[in-house]
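According to TrEMBL:
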| type | residues | note |
| --- | --- | --- |
| BINDING | D:Arg48, D:Arg54 | NADP(+) binding site |
| BINDING | D:Arg125, D:Ser126, D:Ser127, D:Asn238, D:Ala239, D:Gly282, D:Lys297, D:Pro298, D:Thr299, D:Ser300, D:Ser301, D:Arg323 | FMN binding site |
Number of protein chains: 4
Amino acid sequence: MSFNTFGQLFRVTTWGESHGPAIGCVVDGCPPGIELSEADIQPFLDKRRPGQSRFTTQRQEPDQVKILSGVYEGRTTGTPISLLIENTDQRSKDYANIAERYRPGHADVAYDMKYGHRDPRGGGRSSARETAMRVAAGAIARKVLGAEVVIRGAMTALGAHGIDRANWDWAQVDENPFFCPDARAAEAWKTELDAIRKAGSSIGAVLEVVAEGVKPGLGAPLYGKLDADIAAALMSINAVKAVEIGDGFAAAALRGEENADEMRMENGKIKFLSNHAGGILGGIATGQPIVARFAVKPTSSILIPKHSVSADGEEVEVITKGRHDPCVGIRAVPVGEAMLACVLADHMLRHRGQVGN
Amino acid sequence: MSFNTFGQLFRVTTWGESHGPAIGCVVDGCPPGIELSEADIQPFLDKRRPGQSRFTTQRQEPDQVKILSGVYEGRTTGTPISLLIENTDQRSKDYANIAERYRPGHADVAYDMKYGHRDPRGGGRSSARETAMRVAAGAIARKVLGAEVVIRGAMTALGAHGIDRANWDWAQVDENPFFCPDARAAEAWKTELDAIRKAGSSIGAVLEVVAEGVKPGLGAPLYGKLDADIAAALMSINAVKAVEIGDGFAAAALRGEENADEMRMENGKIKFLSNHAGGILGGIATGQPIVARFAVKPTSSILIPKHSVSADGEEVEVITKGRHDPCVGIRAVPVGEAMLACVLADHMLRHRGQVGN
Amino acid sequence: MSFNTFGQLFRVTTWGESHGPAIGCVVDGCPPGIELSEADIQPFLDKRRPGQSRFTTQRQEPDQVKILSGVYEGRTTGTPISLLIENTDQRSKDYANIAERYRPGHADVAYDMKYGHRDPRGGGRSSARETAMRVAAGAIARKVLGAEVVIRGAMTALGAHGIDRANWDWAQVDENPFFCPDARAAEAWKTELDAIRKAGSSIGAVLEVVAEGVKPGLGAPLYGKLDADIAAALMSINAVKAVEIGDGFAAAALRGEENADEMRMENGKIKFLSNHAGGILGGIATGQPIVARFAVKPTSSILIPKHSVSADGEEVEVITKGRHDPCVGIRAVPVGEAMLACVLADHMLRHRGQVGN
Amino acid sequence: MSFNTFGQLFRVTTWGESHGPAIGCVVDGCPPGIELSEADIQPFLDKRRPGQSRFTTQRQEPDQVKILSGVYEGRTTGTPISLLIENTDQRSKDYANIAERYRPGHADVAYDMKYGHRDPRGGGRSSARETAMRVAAGAIARKVLGAEVVIRGAMTALGAHGIDRANWDWAQVDENPFFCPDARAAEAWKTELDAIRKAGSSIGAVLEVVAEGVKPGLGAPLYGKLDADIAAALMSINAVKAVEIGDGFAAAALRGEENADEMRMENGKIKFLSNHAGGILGGIATGQPIVARFAVKPTSSILIPKHSVSADGEEVEVITKGRHDPCVGIRAVPVGEAMLACVLADHMLRHRGQVGN
């Protein structure tokens with residue numbers, strides 16, 4: 001049992017607080033002989049890195065990852081891989097009054113309810129800063145999965161404003177600050193988010209992650225279901241409140257004949273004619289693209305005053321100054337991809353343990 | 001690691017196929033000294049039992065549970081509790097051709113992709129019959145949680161037809177065959193589902209489960225999040241495709257000031273003024289009602305012919321005769337309650353292990 | 001985490017009390033497609049079965065195992081295998097006063113210290129009767145390992161009276177009631193144990209289990225060590241107080257040059273010239289025979305009066321009537337073999353999950 | 001499942017190679033609110049530190065531990081505690097030929113059999129250097145257990161030369177370079193080990209660890225046995241080949257009436273009149289001192305030439321130069337204490353999760 005580890009055979013244990021000396025993780029169970037260096041990890045961290053547009057926090061962190069163990073002469077050895085990122089731009093004074101006043105919608109109050117003692121600097125352990133290590137681990141997971149598995153993510157709604165799926169173009173995702181696959185929607189979002197940011201407010205988002213090339217058979221009934229593990233992995237990301245696979249909630253409105261993904265043969269292999277299931281049946285991958293969506297609530301740290309209480313039980317108003325993302329959903333795109341990669345790498349190894357290669 | 005166990009300290013391991021001699025489970029980690037007999041479990045099984053209305057499968061199973069271990073003189077001993085239900089109404093011939101032809105939308109094909117060998121009778125291990133043991137384990141979980149925790153569930157949409165939440169009345173849930181809290185909606189659903197059933201079709205559903213009286217502090221960052229575990233637990237139920245906590249997907253459309261659950265003091269305790277969060281912040285329970293919703297896809301076994309392939313790679317049309325629920329979502333209500341109960345019991349014990357009572 | 005499960009990928013969960021209606025286990029993680037029937041399991045249970053000579057308890061249990069799930073048309077399906085043995089010869093009245101008076105050396109008092117409530121009939125959960133399910137699971141583990149792995153056990157000392165290792169003959173093990181590989185020692189033990197039995201006393205034993213044909217590479221540093229898992233598995237058997245691998249305690253008295261197992265090449269493979277290590281280096285199997293020994297303390301239930309206390313805190317004398325083994329070590333031979341088989345099957349699957357087949 | 005983590009609720013994950021930039025560990029599950037600083041950990045590391053006498057390796061490592069997370073204002077927060085020690089005295093050239101030639105008795109060959117790729121510098125991951133992190137984690141475990149639990153260790157035999165238990169004096173343990181409780185034996189050992197060291201040889205040892213003040217009830221049947229977990233923990237230490245609890249192997253030679261620890265009442269509590277069981281019955285602590293002994297084999301790295309093979313399959317002679325302990329058992333004393341502390345802390349938390357405080 002563990003509170004800070006995810007995965008069973010590909011296991012990632014993260015540690016570190018937003019304003020401590022460093023954050024890090026240990027990746028245990030990575031198979032031996034895989035080529036790995038910091039250069040394989042850094043690009044994914046750079047994608048998640050703060051301070052790259054006016055739509056993310058202005059905290060400046062180079063997020064340079066170091067590999068401290070588990071790699072020898074450029075290849076993994078099968079022993080645990082320790083990754084470390086030093087925290088450099090901690091401005092703890094910004095957060096001085098977080099220690100005293102609970103931010104509505106934030107985990108501050110819940111941590112105190114549980115532990116009675118917490119590191120309030122920048123949200124401490126509950127800060128989204130922890131997700132940097134998920135992204136780093138996800139980069140290793142991609143190496144484990146190999147080049148045939150392609151994992152991509154995109155933001156599909158800013159607040160109530162969704163994309164037009166007819167415009168979906170993966171190439172657009174890297175061309176705007178939202179990881180948005182619809183160029184037109186991205187333009188509109190700039191205006192919308194500027195207004196929200198200037199109002200000291202924040203907004204939620206919907207994200208989608210897709211894995212193509214996943215080997216049929218990964219996953220397992222009944223409590224090792226691939227979709228159950230994806231649901232937990234995405235729900236464990238800060239501020240996520242909902243997860244769906246394939247058609248998700250929309251499947252509830254379908255009739256059986258509409259929802260059934262019909263099959264035909266093609267070149268001696270089963271070919272599905274649709275993908276309502278999002279690539280998973282009975283908890284097991286079918287070889288179709290795995291499709292998951294998740295909802296991120298608006299950032300809790302806002303400049304608009306809200307009723308709250310202090311740790312001492314006094315009724316207060318809270319305004320949260322400091323450097324915050326007006327839409328934390330944006331930077332959750334690489335995090336969602338990373339979590340999907342980690343779940344798939346784990347299930348690839350688990351599948352081997354169950355039925356061999 | 002495990003494929004057929006859920007929970008960490010309150011652990012439930014289920015076994016059995018739809019048409020084998022029996023199904024069962026082992027509940028390990030139940031604390032000692034709790035009063036327990038079959039009579040505590042049977043009412044929940046009766047609620048899930050098939051054949052009680054024209055809207056569920058006509059298979060007749062008394063589902064009489066036996067306790068084979070772990071209880072002495074009417075109280076639990078702390079040793080594993082073995083539960084067993086004999087299968088009595090197996091009509092395997094109904095399923096003769098399931099072995100050959102994959103039902104679109106069903107797990108048949110995925111099991112063969114993974115294992116190469118499966119028990120096709122009635123869906124074997126992938127049958128919803130397994131959920132009887134979840135319900136039985138959930139009844140024990142309720143005893144562990146104690147009377148102060150109240151867990152209830154309801155069906156809130158049949159297909160695209162949702163309830164009017166203004167009509168919500170928990171007392172109505174036991175008055176109609178849908179566990180529907182809105183009496184008027186329930187009437188309309190009867191007509192709707194009759195038509196679907198007669199057409200040999202099926203339909204999806206949305207369900208909601210609520211836990212009141214949960215102690216603040218249960219759950220944990222970051223991979224022991226209460227909401228992540230609830231998401232996995234609900235997603236692991238047969239045919240579930242989506243899970244949300246609190247406002248769920250709707251939270252994505254909110255501004256920060258709308259989503260924040262403000263706090264005030266009341267009788268020396270923190271009182272929340274709203275519950276967008278669904279009772280969980282940062283993965284930790286706040287003491288508010290825990291609210292989760294999940295979507296169930298339409299039953300895959302339908303009388304309407306669909307394109308498919310056989311295990312031998314031949315292209316075929318599939319019609320599934322036999323006894324099936326036109327809306328599997330209905331009987332998922334007690335299952336969802338049970339999964340929520342199991343997750344909460346597990347986290348109650350885990351919380352003790354982390355921070356004491 | 002679990003209190004009644006052993007193994008990680010090949011997982012065995014046992015349940016049941018000595019005098020309840022039945023005992024059983026669930027084997028999860030067994031790969032699909034393996035031929036399996038009750039006939040593969042029963043011979044090992046028969047070997048452990050009580051009442052076969054005057055040197056074991058006179059309780060008469062046919063110990064007929066039933067497979068309730070996980071096997072279809074004679075082959076495993078990859079789903080959990082449920083095994084059940086009914087208890088038939090329960091004479092609980094023999095144990096009436098065990099509920100009141102703690103047997104010195106027995107787990108009674110410890111269970112009450114922990115749980116405050118226990119099933120005292122025949123020792124309840126702490127009875128060696130539970131080991132029948134270990135033996136059953138071990139039979140499945142042997143099938144997973146395949147015919148190339150040969151696992152055998154023997155008793156090498158009755159009390160202080162050890163065998164002459166020069167006389168070791170595996171064929172003798174089935175020719176005497178002690179699983180003794182030294183025919184001469186076995187004869188002497190008959191006289192010795194008869195005297196002990198008639199005196200109402202009991203005696204300890206040393207046992208040895210050996211696995212040949214184990215694939216090099218099984219096991220793992222540092223907390224997944226094969227020898228650490230074997231140590232835990234053997235120490236978890238009732239009444240076991242010590243475990244050693246290879247030379248064990250004797251290795252402490254060696255010089256480095258004596259303990260080193262030298263290597264030479266033979267037919268293109270590494271050949272070890274000795275086996276002080278017992279087939280394991282750094283927690284990893286080298287391909288040599290895996291050799292483990294363990295010590296079983298004397299049966300606690302004896303006819304010789306001993307000082308004790310009652311559950312109510314009264315000072316009493318305890319004599320334990322009923323049917324007991326004068327040397328529980330004897331029947332621990334098939335149990336030790338089974339535990340070694342389970343650990344090896346688990347590590348075979350884990351190895352696949354780490355580095356592939 | 002995990003290869004580099006030990007413990008269930010008090011979980012320690014170690015990482016790092018002998019000659020990498022650093023070694024470290026993550027301690028997850030430490031309860032909140034415990035006073036903790038580097039000063040609580042350093043003294044135990046100093047005890048294990050190399051280069052303190054002529055009887056341990058001359059490698060000079062200050063082993064200064066840093067806490068990187070999980071502690072705020074001097075108290076634990078319940079979040080993961082990351083510990084790091086930089087490696088400073090790496091002389092990898094000493095080990096140049098280890099990469100090529102397998103040291104008999106060493107894990108080199110087994111790692112290659114398993115992984116095919118390893119870090120050979122100083123033994124890489126299989127180096128006893130990893131045990132520094134066990135000692136650090138053990139220091140935290142002691143804080144979790146509290147001052148009432150006293151854990152001590154001693155060396156009781158150097159090679160075949162055991163102590164006289166009548167001379168046992170805990171105060172002597174810190175007065176000689178062997179952690180020997182018998183001053184007279186320690187003197188003799190100096191002469192003995194000097195001769196061995198000068199001969200370029202090495203020798204094994206027997207160690208004993210004792211925990212006093214352990215709460216009755218810790219542990220659990222049947223696969224969560226306290227003694228099984230202690231056996232695994234001690235066996236997982238480098239070079240350990242045997243473990244025993246209480247009388248251990250000697251118990252096999254006892255009669256039932258000799259082995260039974262009789263009980264009487266004293267001040268309303270149960271008092272045991274002897275401790276053959278080593279404080280554990282049925283896997284559960286009885287409140288008596290917990291006593292475990294373990295055997296450490298002689299250091300594999302010696303100056304005496306031995307037959308071996310190279311990674312390329314050539315037959316070679318191996319002499320291992322470099323800096324090695326002539327008796328690795330000595331420095332295993334603080335490691336054994338630490339492992340016992342970790343197991344007990346874990347079981348204290350598990351016990352809470354099972355039955356409450």
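The backbone N, Cα and C atoms fix where each Cβ goes, and this holds for glycine too.
Sequence features annotated in TrEMBL and their locations in the structure.
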residue: D:Arg48; record: NADP(+) binding site; DSSP (3 states): helix
residue: D:Arg54; record: NADP(+) binding site; DSSP (3 states): coil
residue: D:Arg125; record: FMN binding site; DSSP (3 states): helix
residue: D:Ala239; record: FMN binding site; DSSP (3 states): coil
residue: D:Lys297; record: FMN binding site; DSSP (3 states): coil
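Between the listed binding-site residues, namely D:Arg48, D:Arg54, D:Arg125, D:Lys297, D:Ser301, the fewest other CB atoms within 10 angstroms of a CB are found at D:Arg54.
When the C-beta distance to chain C is held to under 8 angstroms, none of the binding-site residues D:Arg48, D:Arg54, D:Ser127 remains. In sequence order, D:Arg125 are the binding-site residues among D:Arg48, D:Arg125, D:Ala239, D:Lys297, D:Thr299, D:Ser301 whose C-beta falls under 8 Å from a C-beta of chain A. Cα-Cα distance from D:Lys297 (FMN binding site) to D:Arg48 (NADP(+) binding site): 18 Å (rounded to the nearest whole number). It is 16 Å from the Cα atom of D:Ser301 (FMN binding site) to that of D:Arg54 (NADP(+) binding site). Between the CA atoms of D:Arg125 (FMN binding site) and D:Arg48 (NADP(+) binding site) there is a gap of 18 Å, rounded to the nearest whole number. Around the Cβ of D:Ser127 (FMN binding site), the number of neighbouring Cβ atoms within 10 Å comes to 20. Fewest other C-beta atoms within 10 angstroms, among the binding-site residues D:Ala239, D:Thr299, are seen around D:Ala239. D:Arg48 (NADP(+) binding site) and D:Thr299 (FMN binding site) are 16 Å apart (CA-CA, integer value). Here D:Arg54 (NADP(+) binding site) is positioned 20 angstrom away from D:Ala239 (FMN binding site), judged by their C-alpha atoms.
A distance of 14 Å separates the Cα atom of D:Ser127 (FMN binding site) from that of D:Arg48 (NADP(+) binding site).
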